[in-house]
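See below for the structure under consideration.
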Amino acid sequence: MKTITTDWELIPYSEAWSRQTEWFDALVHAKQNGESYENRIIFCEHPHVYTLGRSGKENNMLLGEEQLKTIGATLYHIDRGGDITYHGPGQLVCYPILNLEEFGLGLKEYVHLLEEAVIRVCASYGVVAGRLEKATGVWLEGDTSRARKICAIGVRSSHYVTMHGLALNVNTDLRYFSYIHPCGFIDKGVTSLQQELGHSIDMAEVKERLGRELLAALLSK
């Protein structure tokens with residue numbers, strides 16, 4: 001089956017979640033019934049929003065409802081793995097809706113593939129990134145006291161079909177992370193390509209590079 005890349009650009013989180021769920025359910029149904037389907041890789045950005053995963057703790061959100069309103073943000077409890085994270089303008093969000101069995105992937109291998117694609121994109125900008133033991137996502141200087149996350153990953157899988165995905169900080173306003181314990185960590189920082197390089201990055205270029213890396217990784221399986 002073919003894999004289609006789609007760009008939703010700036011889209012409210014609730015709308016993106018609804019569309020994702022619709023396509024996810026359709027792929028699961030098609031797979032179970034032997035029907036044709038399309039794998040999708042979706043790119044987008046969101047207005048300021050926080051999402052709390054299934055294993056997340058409420059106290060990792062440091063603001064109350066009224067305080068969230070004052071910073072123009074909302075909070076959603078969602079059905080992915082992981083704890084709390086932030087999405088906002090300048091952050092590249094990627095939602096792959098894929099049949100993992102088609103690519104010979106298990107869930108752990110799939111998360112590793114997402115991490116590797118982001119690591120390669122960072123390297124293409126001269127930013128050395130890697131993994132942190134017992135923590136998903138992509139990190140800089142992960143084995144030091146200066147460890148900081150540049151990409152969060154949280155997925156949902158059912159019948160080896162995926163939704164949700166990754167969030168890469170490109171030109172993100174990092175102040176919004178100060179209102180949470182990102183991914184449940186209280187002793188780790190966050191960063192962005194802009195923060196590391198000292199200048200803004202062309203978002204369209206990052207999308208192109210990440211899309212290329214993801215497709216290459218999937219097709220190599």
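Keep in mind that glycine also has a Cβ here, set from the backbone N, Cα and C atoms.
Just so it is clear, the model here is predicted, and its values are computed rather than measured.
Look at Swiss-Prot and you will find 35-221 tagged as domain 'BPL/LPL catalytic', backed by sequence analysis.
Long-range C-beta contacts of Leu166 (substrate binding site), restricted to its own chain and to partners at least six residues apart, with a cutoff below 8 Å, comprise Val93, Cys94, Leu114, Val118, Cys151, Ala152, Ile153. Residues or ranges marked as substrate binding site by Swiss-Prot: Arg80, Gly81, Gly82, Asp83, Ile84, Thr85, Tyr86, His87, Ala152, Ile153, Gly154, Gly165, Leu166, Ala167.
Per Swiss-Prot, the feature site 'Lowers pKa of active site Cys' maps to Lys149; the stated evidence is sequence analysis. Taken residue by residue with DSSP, Lys149 (site 'Lowers pKa of active site Cys') is part of a strand.
Annotation source Swiss-Prot lists active site, acyl-thioester intermediate at Cys183.
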For the binding-site residues Gly82, Gly154, which one has the sparsest Cβ surroundings, going by other Cβ atoms within 10 Å?
Gly82
Pairwise CA distance, Ile84 (substrate binding site) versus Lys149 (site 'Lowers pKa of active site Cys'), rounded so that it is a whole Å:
13
DSSP three-state assignment for Arg80 (substrate binding site):
coil
Looking only at Arg80, Lys149, which of these recorded positions has the biggest number of Cβ atoms within 10 Å around its Cβ?
Lys149
Lys149 (site 'Lowers pKa of active site Cys') versus binding-site residues Arg80, Gly82, Tyr86 - nearest by Cα:
Tyr86
Tell me the Cβ neighbour count for Tyr86 (substrate binding site), meaning other Cβ atoms within 10 Å of its Cβ, over all protein chains shown.
25
